[in-house]
Amino acid sequence: MSEYTTREVGALNTLDYQVYVEKNGTPISSWHDIPLYANAEKTILNMVVEIPRWTQAKLEITKEATLNPIKQDTKKGKLRFVRNCFPHHGYIWNYGAFPQTYEDPNVVHPETKAKGDSDPLDVCEIGEARGYTGQVKQVKVLGVMALLDEGETDWKVIVIDVNDPLAPKLNDIEDVERHMPGLIRATNEWFRIYKIPDGKPENSFAFSGECKNRKYAEEVVRECNEAWERLITGKTDAKSDFSLVNVSVTGSVANDPSVSSTIPPAQELAPAPVDPSVHKWFYISGSPL
């Protein structure tokens, strides 16, 4: 049984919905308190699932809230859902983030020529099991894509759950194409077109959309972990609304174990209904698989 569990507050598909990660029953920060590396060799990493595969609610670790619960993103006070771009439905992987990482907006990457997007590092977990919001999965890194999102570098790390049946066969990005043909191409297309139904242009990529290999990806992860260390210890100025509060990080600027007791109790509430228009399929010209 995992030492990590979840505490849900409010109903899914409402503004009140929050998912806290707990360790041994005590709320912790989903961004700061979960170790990035799950083993001493740094070959297995922890990821936090934000959005289970095939779902549409844009759930994400909230950088501004105490202990960084996962909430649904909003725009102009309304909940945000990703659109279904044919032939995809929702997110096509378990989508989440690496804890203890930060894409530093003060650093321009020498190869992408763009600064970081000020978020934890995004992760696409490609295993067969659907995850759940707040789940902490142990994964291994396979590769990385560099999305250029409105002038910022937005890395997308490709990983697989170490417990997946295919995990022993997948050790680098070329193994993904061998054993899961079409997935990398579909991933590239998904990120390229997913904003088009909302009236935005298609996204572009560094490296002409190439998915870089495991070694390159592991270096990106290491750099973003170091950027987080600078952030949590006060060596990098955090945005004024970031919450760096944690219960376990030695040397951090905001360590406060007592804060766990202030988190609301769990609530078992049924999901709220969503507008049927959320489920519409959009057909994007020029996006053949």
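Placed from the backbone N, Cα and C atoms, the Cβ positions cover glycine too.
Annotated features in Swiss-Prot:
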BINDING   R80  diphosphate binding site
BINDING   D117, D122, D154  Mg(2+) 1 binding site
BINDING   D122  Mg(2+) 2 binding site
For D154 (Mg(2+) 1 binding site), the number of other Cβ atoms found within 10 Å of its own Cβ: 22
C-alpha spacing of R80 (diphosphate binding site) relative to D154 (Mg(2+) 1 binding site), in angstrom: 19
Integer Å distance between the CA atoms belonging to D117 (Mg(2+) 1 binding site) and the residue listed as 'diphosphate binding site': 19
Chain-mates of D117, D122, D154 with C-beta within 8 Å of site centroid, Mg(2+) 1: E103, G116, D119, L121, L147, D149, E152, T153, W155, K156
Cβ-Cβ neighbours of D117 (Mg(2+) 1 binding site) (radius 10 Å): 21
Cβ neighbour count within 10 Å of D122 (Mg(2+) 1 binding site): 23
R80 (diphosphate binding site): tally of other CB atoms within 10 A of its CB: 15
